[in-house]
Amino acid sequence: MKILFTGGGTGGHFYPIISVAQEVNNIKEQNKLADVELYYMSPTPFDAGELFNNHLIYKKNYAGKIRRYFSILNFFDLFKTGWGVIRSLWEIFLIYPDVVFGKGGYASFPALFAARLLRIPVVIHESDAVPGRVNKWAGKFAERIAVSYPEAAQFFPKDRVALTGNPIRKELFMPLITNAHEYLGLDANLKTIFIIGGSLGSRNINDVIMEALPSLLEKYQVIHQIGKDNLEETKKIVDAVLVNSQYRNRYKPYAYLDKLTLRSASGAADLVISRAGSTIFEIAAWGVPAIIIPISEKVSHDQIKNAYAYARTGAAIVIEEANLTGNILNAEINRILADKAIYEKMKASSVSSVRKDAGKQIAEELVKIALRHET
């Protein structure tokens with residue numbers, strides 16, 4: 001039995017694939033399935049360690065990004081995508097998987113197109129409330145379609161779509177609460193704000209945090225995932241902003257959070273500030289209230305819809321970028337953390353909104369289709 005996964009570019013596409021692969025491996029062990037081979041096809045491996053740990057064989061392809069705005073790069077990326085389709089056709093023909101699982105995004109297009117030409121069954125998953133262009137296209141021929149938000153189901157054929165929620169790595173359902181503060185160098189008696197802008201960080205959020213930071217650190221401590229590209233610049237700003245602050249050690253910046261640090265941060269957090277990508281589902285799994293700051297609608301239509309869909313559960317509030325200032329962010333943080341009734345209601349809503357078996361549901365469907373195709 002062979003299953004090929006495709007997608008990538010960000011953690012929001014990559015890590016749900018890891019979650020599904022974990023569940024496929026569990027099914028393999030529980031049912032003593034022999035000769036199970038898992039492949040991952042994308043322009044980059046994104047996290048080679050996770051691929052290795054979950055027995056995924058990496059296959060490189062190429063994919064061009066078609067931007068929503070005019071750019072000469074769109075012209076060149078058409079050729080990159082064409083070459084990616086040719087390479088994917090060859091690689092997938094050699095593997096000839098029993099099913100292809102697509103997570104969406106431009107990186108998944110070449111492999112999905114090749115699978116369609118080779119008449120290999122396709123299953124896709126859509127993380128956003130409004131599907132992206134690749135998944136809208138793939139939904140026309142995919143055998144099964146999984147969605148994270150009820151709002152997304154209307155874009156796909158009713159007889160092939162299922163509301164599963166978003167696959168989350170099983171270890172993220174278990175935040176490390178014991179010794180988390182000690183591990184991160186935090187004070188267990190202070191409330192903790194965890195700021196995470198997604199797998200690549202968020203420059204706009206970072207800038208507003210810098211504006212609010214002196215006031216925040218008077219009451220709280222902050223774990224801040226800055227992003228690899230923003231680390232050095234942000235450190236210089238922090239040194240200037242907190243030059244005379246007695247609370248400098250309450251601020252904990254990270255370029256990137258490895259698995260242990262992420263589990264510790266989620267265990268220590270009293271409030272999370274985040275973008276509106278797949279991180280939303282991890283926050284729900286942690287059971288922590290959130291302030292969601294979606295990417296501007298000029299850049300992405302998806303995140304605005306995601307943010308308000310999650311806010312309707314009662315687990316979060318939304319601050320749009322156009323309204324975002326240090327003072328407004330500070331006021332909303334204080335309002336949530338100072339009012340126990342508001343806080344507990346948001347926390348309960350967060351816990352009740354999560355679907356813990358999304359990865360398992362998708363894995364079971366993949367195995368079922370693969371076994372049928374194999375015979």
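Cβ coordinates come from backbone N, Cα and C, glycine included.
Taken from TrEMBL, the feature UDP-N-acetyl-alpha-D-glucosamine binding site applies to T10, G11, G12, R169, S199, Q303. For G12 (UDP-N-acetyl-alpha-D-glucosamine binding site), the number of other Cβ atoms no farther than 10 Å from its own Cβ, over all displayed protein chains, is 25.
Annotation source TrEMBL lists domain 'Glycosyltransferase family 28 N-terminal' at 3-146.
For the domain 'Glycosyl transferase family 28 C-terminal' (192-355), the predicted model reports an average pLDDT of 91. According to TrEMBL, the feature domain 'Glycosyl transferase family 28 C-terminal' maps to 192-355.
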